[in-house]
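Quick look at what TrEMBL annotates:
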type     : residues              : note
BINDING  : CYS89, HIS131, HIS135 : Fe cation binding site
ACT_SITE : GLU132                : active site
Amino acid sequence: MAVRQIRIMGDDILTKKCKPVKEMTRRTMELIEDMFETMYEANGCGLAAPQVGVLKQIVTIDVDDGNQYVLINPEIIAQDGSQTGYEGCLSLPGKSGIVTRPNYVKVKALDENMEPFELEGEGLLARAICHEVAHLEGQMYVELVEGELVDAGAEPEEEIAE
Ligand SMILES: [Zn+2]
């Protein structure tokens with residue numbers, strides 16, 4: 001396993017659409033392991049393959065709910081409600097901004113054995129799924145930010161309208 005370099009906003013690769021994974025290979029397994037290591041090292045709760053320079057539809061998520069999620073070729077198939085709050089991205093370190101997301105999503109994906117499964121998420125997990133799946137489409141959360149980006153850790157609390 002190895003920590004990979006995280007691409008920073010402004011890097012072209014973050015604007016490109018990712019290709020679906022067709023089969024699991026040793027190389028892709030290594031990529032997934034490296035994505036977890038890179039995400040934990042950066043104290044992130046989600047990472048998408050293009051953030052480490054690979055245009056494949058792979059997402060890793062760990063929102064501290066006791067699970068490590070790997071979503072391959074994910075597709076959001078249901079969503080409900082809304083949540084408004086600060087969101088950040090490992091590709092834009094030190095910043096955060098207010099984004100409204102669904103409060104519930106259901107996603108269909110393949111796991112690391114290429115077996116289909118569905119995952120339902122609420123709150124932070126729903127937010128992380130939406131954020132990471134958007135990366136696979138070449139979209140950054142900054143396109144959705146309401147108001148100004150602020151320094152992470154200095155978010156004015158009164159502006160959070162949950
Ligand atoms: Zn991100």
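Using the three backbone atoms N, Cα and C, a Cβ is placed for every residue, glycine included.
All annotation found in TrEMBL is predicted automatically rather than curated by experts.
Note: GLU132 (active site) has non-local neighbours GLY46, LEU47, ALA48, VAL59, THR60, ILE61, LEU71, PRO74, i.e. same-chain residues 6+ apart with C-beta under 8 A of its own C-beta. Cβ contacts within 10 Å of CYS89 (Fe cation binding site), excluding its own Cβ and spanning all protein chains shown: 25. Neighbour count (other Cβ atoms within 10 Å of the Cβ, all protein chains): 23 for HIS131 (Fe cation binding site).
In sequence order, LEU14, CYS18, ALA48, PRO50, GLN51, VAL59 are the residues of the chain that are 6 or more apart from HIS135 (Fe cation binding site) and have a CB within less than 8 Å of its CB.
Take the mean position of the Cβ atoms of CYS89, HIS131, HIS135, the recorded Fe cation site; other residues of that chain with a Cβ within 8 Å of it are GLY46, ALA48, GLN51, LEU90, SER91, GLU132, ALA134, MET140, TYR141.
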